[in-house]
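Features of the protein shown, as given by TrEMBL:
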type	residues	note
DOMAIN	B:478-584	domain 'TMC'
TRANSMEM	B:209-230	transmembrane segment
TRANSMEM	B:280-299	transmembrane segment
TRANSMEM	B:374-395	transmembrane segment
TRANSMEM	B:410-429	transmembrane segment
TRANSMEM	B:449-468	transmembrane segment
TRANSMEM	B:539-565	transmembrane segment
TRANSMEM	B:585-608	transmembrane segment
TRANSMEM	B:656-677	transmembrane segment
Amino acid sequence: MGSKQTVFTHEQLEEYQDCTFFTRKEIMRLFYRYQDLAPQLVPLDYTSCPAVKVPYQLIGSMPELKDNPFRQRIAQVFSEDGDGHMTLDNFLDMFSVMSEMAPRDLKAYYAFKIYDFNNDDYICAWDLEQTVTRLTRGELSAEEVSLVCEKVLDEADGDHDGRLSLEDFQNMILRAPDFLSTFHIRI
Amino acid sequence: MMSDNRVHEIIIELENVPSGIQNHPSPTQIMRDKPLANSAFSMVSSTSDIHVTDSLIFSHRNDKKHNQLLEFSTSLKEPISQTLRSPECLGIDTACTFHETVQGQKLITSLIPMTSRERIKTIRNQPRTMEEKRKLRNIVDKEKSKQSHHTLQLKCCAQYLNSISRGYRRSKNSLSDLLSSISLWQKALKVIGGKFGTSVLSYFNFLRWLLKFNIFSFALNFSFIIIPQLTVAERNTLQFTGLEFLTGAGYFTKTVMYYGFYTNSTIRHRSSGPSYDMQLAYIFTIGAWLIACFFSLLYSMAKYFRNSFINPHIYSRGIAKFIFCWDFTVTHEKAVKLKQKNLSTEIRENLSEILQENVKFTFRQQLACFSAHVAAWLVSAGVAAACCVAVYYLAEYNSEFLRTHRDPGAVLLLPFVVSCINLIVPRFYSMFGLVERYEMPRHEVYTLLIRNIFLKISVIGILCYSWLNIVALSDEECWETFIGQEIYRLLLMDFVFSLADSFLGEFLRRIIGMRFITSLGLQEFDIARNVLELIYAQTLVWIGIFFCPLLPLIQMITLFIMFYVKYISLMRNFQPPSKAWRASQMITVFIFLLFFPSFTGVLCTLAITVWRLKPSANCGPFRGVPLFIQSIYLWIDTLRKRSGYTWVVWIYQNLISSVHFFFILTIIVLIITYLYWQITEGRKVMIRLLHEQIINEGKDKMFLIEKLTKLQDMEKRAKPSTLILERRETEQQGPLHLGECDATPDLRFRRSVQEDNLKA
């Protein structure tokens, strides 16, 4: 990767720099990572903005994501159509939000969307059960899982409507200062 | 069918929902990547316009209460999310994208007057897709250039400033590119984070941060003190034996390494060339370095405090933090499985704690606990005191000891004893954990930390006292060099012991844990103990910079080697941590420790040195002056005689050496602190009140829903024929997940029908 690159126009790189938390070099590095996922599919020249989507199976096999219990949800949240197939824009967006420079509110928003399995903009008991199951990999029994979900709703549900809204989630995240450092994928 | 006016009304109603944080999307805009505009609303109205009508009526009736608006938005969301997920709407023209909605327009108008830096920051923080952000940016740029064309004459200097800021931003970008390309150890840190998680990673990040600190200190010293001295260096007449690396004495005494080598003269290479006063350079460099350290520590501490201590009074003992703070940095397969298993164990423990919360200890058990704690504290304080006394006596009789034992290795006795104390006593303290029982594991960590800190501070304190009170006043030929050598030996011995611990101790522990006593298993990385060792070494470096300007370089090399040693040892001899470790709070505590006992202690030591002690008469840049600080007084005196520098003298007399100025400054700072403290207290009260208000609103909602359910039941019993009509309406709205939402559209429909009937 020399100083003259022909992948993006100068204007495109400036746009990416202004819209993500990455520097020029990091954007180029991420592009080459994206390209490596599907070398036949992704062209090396993005100046004409080709509409290329890398299928979810390849995204989910990246070493940073392949063992993450939430990799499917992450890909679904950041992909355009919610099916996990990502364009380069989605890819950059995803790693920009998961980088260490993204602020807490932005991360909390996307974390909320990731844990909201049924996409109804609330984390209900069913969403929590899904989360806990993925986190513990079947180690906990069904009663323990439902007890955990009940306790979480007890603690975090501010307006007592039986589910967590975005505000409840953000309020709870404020009390967990580790969130910023744990909701971070290094690439 | 809905008229466009009514649709816009709905939008405006939504705008008034207060969203807590700026740039934070209110609940209705959570669908970030789908057309949330006129087309969507008209689609909604086509599927169930009665539904939307009565929502309007509902919101018109109670337009002030925002829980109703939330309800409206809830019901509206369901149909929207369904219609938007259906394939045919994907073909809808993208002309009605975010930036054409009212909220988008508002955002654009707010972005235009901002400076470019703030604008970029705001755009980056938007939770929108890349395409929407790009469009936003382009629209704002176009608007901005349009505006600037109109006000060309008046704002020519603003344009100039704009181009300057753009150039500055570009240079900053390329600088950060450069810095990130030479950033150390990125890959190693990624591997460590992938296998061990954020907590262990925090230790290595701390190490890297200290390394950067030392690089800066060394660069400062090197350019201002060492290079000038090297230009007038005298020849070294001593012999070089290999032992110098351990003792620091011998050949090294007459090198730039120690204070004694530096000249006190004004360096002048050509008779009419610029002169360089070594005395002033020495003291000013040290002063500038101290100020830079102070501000950078303060800045780091403030940054970490802000992130960690937002709401200190409600840190939950609860279970939610386990669920939502999964460590995404862990990428190694085995580590993930282990972490999942550990998480299950922790959740089970937490559940059983919550269930057992009402179990109280008996009086006897409480007494036993309390006495165990008291005994442990007494023993630890006693051990620390004993160590301090031993170190003090050793330091006091060190010079006699050295005279009787001519062996050059004899100087290593004191550092050896100190390092042994630092190695054995913390492990001894950890064993107290077998006897003491704590209510929360957090207390155990903090107690251990406090005991270790107390030990290390006492040891350093005793050493400083012996150096400043005994060595400086003795008739050593060059006491500053001697202190520098002592510090060098302490650091080196500490480094050797750490290496031995990593190579031998941890390796042996692994062999024992895997082969002989397999129940022990692999050990876990003790973050607190390792970070304290780093802080201890860094404190020694800070004290020693005055006496041994090359010390940051030595510490740099030490840290560099330590990173790789610890990294290799970690990969081979350790397992990932089993308990959740609150990394960010602990790092804040560590940086606070670095600042408060460590740095302020160093400041005190240096202050006593500079203001009270007499420099040695035969060596160093301050020979000949009665006190170190006299060099500055003499300089001010010479400046006074020269014209043209009276402003410097004025600043010195009225700002730096005047008591009144500092008094007034202190009063102002105290007043500002008091005001901020009161503001914080007020905000805490506000948070509590708002929290109660949220709970009350929730209760109101429940109450209203119950009332409406009751009314509906009464209606059902009164009019069974309309029941069938209702059922068809609810079925049309598609699958709804939540029971409540099932109820509410019904209720609103029923209520509106009732009202229509009443009107009729």
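Keep in mind that glycine also has a Cβ here, set from the backbone N, Cα and C atoms.
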Helix, strand and coil totals (DSSP H, G, I; E, B; other) for the domain 'TMC' (B:478-584):
81 helix, 4 strand, 22 coil
Residue numbers, six or more beyond the limits of the transmembrane segment (B:449-468), whose CB comes under 8 Å of its CB atoms:
380-381, 383-385, 387-388, 391-392, 395-396, 418, 421-422, 425-426, 429, 483, 486, 490, 528-529, 532, 535-536, 539-540, 543, 589, 593, 597, 601, 605, 608-609, 613
Hey, does the transmembrane segment (B:410-429) touch the transmembrane segment (B:280-299), meaning at least 3 C-beta pairs closer than 8 angstroms, sequence gap 6 or more?
no
Taking a Cβ cut-off under 8 Å, which residues six or more beyond the ends of the transmembrane segment (B:585-608) line up next to it in the same chain?
202, 205-206, 286, 290, 293-294, 297-298, 300-301, 304-305, 307-309, 449, 453, 457, 460-461, 464, 468, 527-528, 531, 535, 538-539, 542-543, 546
In terms of Cβ proximity under 8 Å, which residues at least six beyond the ends of the transmembrane segment (B:209-230) contact it?
184, 256, 261-263, 267, 276, 278, 281-282, 284-285, 288-289, 292-293, 296, 300, 534, 538, 541, 545, 549-550, 552-553, 555-556, 559-560, 563
Taken over the domain 'TMC' (B:478-584), the model's mean pLDDT:
88
